[in-house]
Amino acid sequence: MAQEIEKTNNDHLVQSSDPEHPANLIPELCRKFYNWGWVTGTGGGTSIRRGDHIFIAPSGVQKELIQPHNIFVLEFPTPKYPPSDRKYIRKPLELKPSACTPLFLTAFERGAGCCIHTHSQWAVLVTLLVEREKGPDACFEISNIEQIKGIPRGKGKGMLGFFDTLRIPIIENTAFEEDLTESLEKAMDQYPDTYAVLVRRHGIYVWGDDVAKAKTQCESLDYLFQLAVEMHKLGLPWVK
């Protein structure tokens, strides 16, 4: 297997005329996220699961310039640790795998079809406001805002309503991305209905059953975070 990967690099896995193919979707999404200010300076990442394959954007590449041939492909399931045991079936030889990989795998192990990691300024700001106002162990909470309806209640439970309170757990940042994995897993266990985890002074991980749901949930959350920051400036409470 290793010799075959080295010989052909399984390029056929990222070659498709289908615009919905993960190798085509990931570059398109990364360009959008770059234009929205979510993934500046090569930060952030995106991964999509299709069947028993996981497609992941590379590390260290300007997100607006990613091309299908830059995409890594993993077999799924695959070990998270050690990195050397991960079952890559396509590795662009000149690029490094994403440091987000074990965190993406954590979402996929819980049934996600797509996981997005952004460095949104609004996400970072709300983690700082929550820490200052409520302490380091508090989660982000907001209610009575229409856009909350864009976030699921939990697997198979429908969507949140206007009068519901949205809660997003917050974990502390670490010096290295992969070291966030344990905290992410713990937050997912403590908040089993969540589809997102904020990382203080860093950004957010958002996942969904498929690409469209992950993207729209990420958009809804970013809207809510920006609104929360502006509400705080005006002295308006996030929860009524």
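One is the number of the first residue shown, and numbering goes on along the chain from there.
Each residue, glycine too, has its Cβ placed from N, Cα and C.
If you check Swiss-Prot, you get these features:
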type: REGION; residues: 1-20; note: region 'Disordered'
type: COMPBIAS; residues: 1-10; note: compositional bias 'Basic and acidic residues'
type: BINDING; residues: Cys100; note: substrate binding site
type: BINDING; residues: His117, His119, His202; note: Zn(2+) binding site
type: ACT_SITE; residues: Glu146; note: active site, proton donor/acceptor
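Residue pair His117 (Zn(2+) binding site) / Cys100 (substrate binding site) shows a Cα separation of 8 Å. For Cys100 (substrate binding site) paired with His119 (Zn(2+) binding site), the C-alpha to C-alpha distance reads 12 Å. In the three-state DSSP classification, Cys100 (substrate binding site) falls within coil.
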